[in-house]
Amino acid sequence: MHSMGISIKEWKPSDGLILEPAALNAVKDLNNSLVVAGPGAGKTELLAQKASFLLETNSCVYPNKILAVSLKKDAAVNLKDRIKLRLSKDLESRFISQTFDSFAKSILDRFLNAIPDEFRPDPNYGIALNQNEFVRAFSKCGVNFNNNKIKKQYIDNLTKRRLESVSGVYKDVWDILLKGDGDIKPTLSFQMISVLAIYILETNPLILKSLRKTYSHVFLDEFQDTTRIQYALVKVCFHNSETSITAVGDNRQRIMLWAGAKPDIFDSYKKDFNSKEFTLVMNHRSAPRLLEIQKIVNNYLQEIPFSPIANPKWTEDEGVAEIWYFKDSITETEDVAERITQLIHQQQISYRDICIIVKQSVQQFSDEIIEVLEKVNIQARNEAKFQDLLKEDMVLLILNTLKSALNARDSDAWSFIWEAKIFFEGKLGTVDPIIIDKLRKHLKTMLRIVKTKLMKVTQQEDLDVLLKEILDFYDVNKLSKYYPQYLQGKYINKLREELSSYLYQYYTSRKDWLAAIDSFQGNDSIPIMTIHKSKGLEFDVVFFVGFDDNSFWSFSQQEAEDKCTFFVGLSRSKRYLYFTFSENRFGRRRTNSDISILYQMLEESGVVEEKFIGFD
């Protein structure tokens, strides 16, 4: 069954795609490599093609697997979705796409018992969603924080050293957080989980050996945002091994330094893994006029001049960039709403292709914008609450089950749950008609029951019970075997409760289940999000609202990082890019003198038009 595959010479990118020369060379490179890929360079496609190449030519020799590690949940899901389009079913199962967090957690949960009792966390440990338990644990050990800076230092120090070298108050705090103590529940941060995973691999050569044997190839996505601990985990796993690593990133999009990204990561990696560097120059996303802005910003971000090349589908005068100046934010919001209405009705642009981005807090801006848009019958929402939830495997499983129960003709939903069911039952690749028939009947019966019960839901509690029954049908134990992030029951329950609460809210306003699911998935609303949350996404239209000093309040302390953030924000747009500045916002005067250099960049590009609205 597992023949030699296609020869390396004969292999061509799937679906007739033409890759630029550097991308094709990076795909075919079998050693450690670093691919520098700017916005719109097609990183996801590059990795998908590289996976196809490795598996189809049997360079990743059966039964070895490829492990792709991303920083964010949505990047991991996007990559998995792209792989589905590019690979045949039998090869697809050898491509594993995870976040750093879920990779570290799966090592910890799977090999919990390999840790001596002293360091072994309670198997029902919780994940720290904030720092409350940490503060209480330190307090119990006699350390109280009078400011955030000190708090951050102490909490960072918890994971600065190897587990066995932790001492003093840090050891005491670790003990409390690992086992729990009175009213403090056992709680781990993902940094702590990574430290524990490193400990497991360093003290159990057999576990490390089997990990290296499983994954002959590893992809690291958004590499510029990798933290010190994440990089330490990569080194323990794969340094000086036979595993070949492909890291993809962009030093101009370094916007996670505040979250502990390792500043010299590219240099360390090149030295440690003796890697070859490839630089991609195409930008498949943005119109030529918008690329003029990116060129200028790039030259402020790095010594090396960079001229991205537009996709030939554009004509050179395409792309609209404007700065709008207003007296007050009320006129601003009304004008944004008016432009959105035009784009939707005259340009036929869909809701999901428009994004409103802000630098700092979405909540501040979103209430006003949502209200004004509602008056003209356009929905918008703060995407932060939904973004991660909608990428959860378990949420997708439930939503597709509901869609399939409600609409038998939804073939995408059916194939999603059919594949999941076969997968959970361990029957992947079976051609036995009896088994297939039995599974299909089982699934169809369940869908009928779900539909009947869904029609009888009169309160959120009914929906919650139904979602629980759906998960029981697939069997939570089987679920967590394939999705290790659910090995802990508590996490599944939390997700299910969130899902049922949002879904029921949408149902009460839409009065129809399919419409409610559609709304929940955001298909009929405009997302409002921070630049950090927009990373890796693309939209036809981007509104950068509140382009003022207040939004960039720490510009003088972290100018380099804020310029990168600016670069990430403006490079999300394919065709239309609008910046808005308002002299009065939330009853306060606003200025733009601190960030005048950002305005200067826009002016230097020569493509940004200025409009003064409501001035005499």
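In case you wondered, yes, glycine gets a Cβ from its N, Cα and C as well.
Those TrEMBL annotations? Automatic predictions, nothing curated.
According to TrEMBL, the protein carries these features:
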BINDING   Ala37, Gly38, Pro39, Gly40, Ala41, Gly42, Lys43, Thr44  ATP binding site
DOMAIN    16-287  domain 'UvrD-like helicase ATP-binding'
DOMAIN    291-536  domain 'UvrD-like helicase C-terminal'
Neighbours of Ala37, Gly38, Pro39, Gly40, Ala41, Gly42, Lys43, Thr44 excl. site residues, C-beta within 8 Å of centre, ATP: Leu46, Asp250, Leu280, Asn283, His284, Arg285
Per-region confidence, the domain 'UvrD-like helicase ATP-binding' (16-287) (mean pLDDT, whole number): 92
Chain-internal residues near Thr44 (ATP binding site), provided their CB is under 8 angstroms and they sit 6+ positions away: Ala75, Asn78, Leu79, Arg82
Pro39 (ATP binding site) - helix vs strand vs coil (DSSP): coil
Cβ neighbours within the same chain of Gly40 (ATP binding site) - under 8 Å, at least six residues apart: Met282, Asn283, His284, Arg285, Ser286, Pro308, Glu538, Ser571
